[in-house]
Amino acid sequence: MGGVNEIGSNKAVFVATTPPISAPPSQFHSPSLSRSPLLASDDHIQPANKTPRISTPRFVTPLGSPIRRALQLTRLDPHDAWLPITESRNGNAYYAAFHTLCSGIGIQALVLPVAFTILGWTWGIITLTFAFIWQLYTLYLLVQLHESTETGMRYSRYMQLCNATFGEKLAKWLALFPIMYLSGGTCVALIIIGGQTCKMFFDVICGGTCTAQPPTIVEWFLIFTSAAVLLSQLPNLNSIAGVSLIGAITAFGYCTLIWVVSVIEGRTEGVSYNPVRGSTEVTRIFDVFNTLGIVSFAFRGHNLILEIQATMPSDEKHPSSVPMWKGVKIAYTLVAMCLFPLAIGGYWAYGQRIPENGGMLTALFVFHGKGTSQFILGLTSLFVIINALSSFQIYGMPTFDDMESVYVKKKKKALPWWFRAILRAMFGYGCFFVAVAIPFLASLAGLVGGIALPVTLAYPCFMWLKVKKPKAFTPIWCLNWVLGLLGMALSGVLVAAGIYVIIDTGVEVSFFDP
């Protein structure tokens, strides 16, 4: 960093220099580098063109001054300048709100009334409220863990934070598969949902009057995937802020349309609110646990929080946690305005008759398809399609980042645009192949919710304990241990319950037959 020469007894001359900035010339004046200079690293990228040497001025200041601490606050990985998550650090609270809302609410929220058919009114509302508060707390922990004031590191990816706290070997065992599923698996599910909704939209628009042969469901999957791949060519996470805004608006729009129409149309004939009971005690217990998996699966997006926060500039006076938490509060206020009316209003309108496959969207078409305006049905379907396309971009971004990092670390330069386009097309059409091969993936929501649950509800508590090291047996220490252990135990039980329910009730397995 520099040298220190004592002058008298109270003053010191502090000379600080930084190594050459390992970034493209266009990045020199971005907030990420102008406010948080790169510090020393053993693995610098040297671009082909010569870059100017940037150094800080000499200061006459005490060693413990805020200036020195600011210089040491943020250490950036030199590879980050060319990776899609951290390529641009011009984000703000509004961008964070757009991304968080787009990633935090989706089609999985429409099956929440299905959970109420098992839990009933009282336990359904209690479970949903407790899960919402719990996941909001762990989200707050992740926002606070993004930056370490001790090491000066910014953990820009969920897996990076896991590696730093649990160690690389243990982190791979604990978090790699859930994070991979929450990225790639969610994109597969979005293709299935988007393709099926495209078919519904076509049927609504045509109304049985079209003479042309409609596309098959596989062709709808392909049409949706091609649109998603085309949109995925936007280079980095900040560049899709507008896409996330559109996705957030459409998510809020179709959730509101569905529950409002369902409530206005009134309760269906023969509606019953008696909880569904299995034939044996074991079946009833596992049904309840499987339902808890459905509730937990409704809360997603924690694996993207650190990535979203990484798009923001940060320094000691303006830490990224402040605008990030502001954006999260805005987003989750809107999420609550969607989830609770959907769950409560949907269960009130349909009771035990709510379809397990598709939830509220399927119920809207089955019970009100003829009596509801075609414009409303078409608009709802269109909103679902647009939201699925938007969500595909933000959930695919961690995988894009992973693929591109292999090239960047090896070649020490940015990925060419044509190579980036090829990689993202390969990912998109790979997800299409899986969607066609395993179209029943949505039927495994309870099982998948159990596997991915620790990423949302447990790991943040353990990581906070490891990094912050609170005093033993204090209230905050006890709270995080209880929530972390409860999350891990619940995950194990939910996985077992999901497997049992699949074996007991059966899943219609149809490989390559969507």
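From the backbone N, Cα and C atoms, a Cβ is placed for every residue, glycine too.
What TrEMBL lists as domain 'Amino acid transporter transmembrane' is 90-502. Summarising the annotation, TrEMBL assigns transmembrane segment to 93-115, 121-143, 173-193, 240-264, 330-350, 375-396, 417-438, 444-465, 477-503.
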Stretch in 93-115, 240-264, 330-350, 417-438, 444-465 most in contact with the transmembrane segment (375-396), if contact is a CB pair under 8 A: 240-264
Leading contact stretch, 93-115, 121-143, 240-264, 477-503 vs the transmembrane segment (444-465) - CB distance under 8 Å: 477-503
Winner by Cβ pairs under 8 Å against the transmembrane segment (417-438), considering only 93-115, 121-143, 173-193, 240-264, 330-350: 173-193
Most Cβ pairs under 8 Å with the transmembrane segment (173-193), selected from 93-115, 121-143, 240-264, 330-350: 93-115
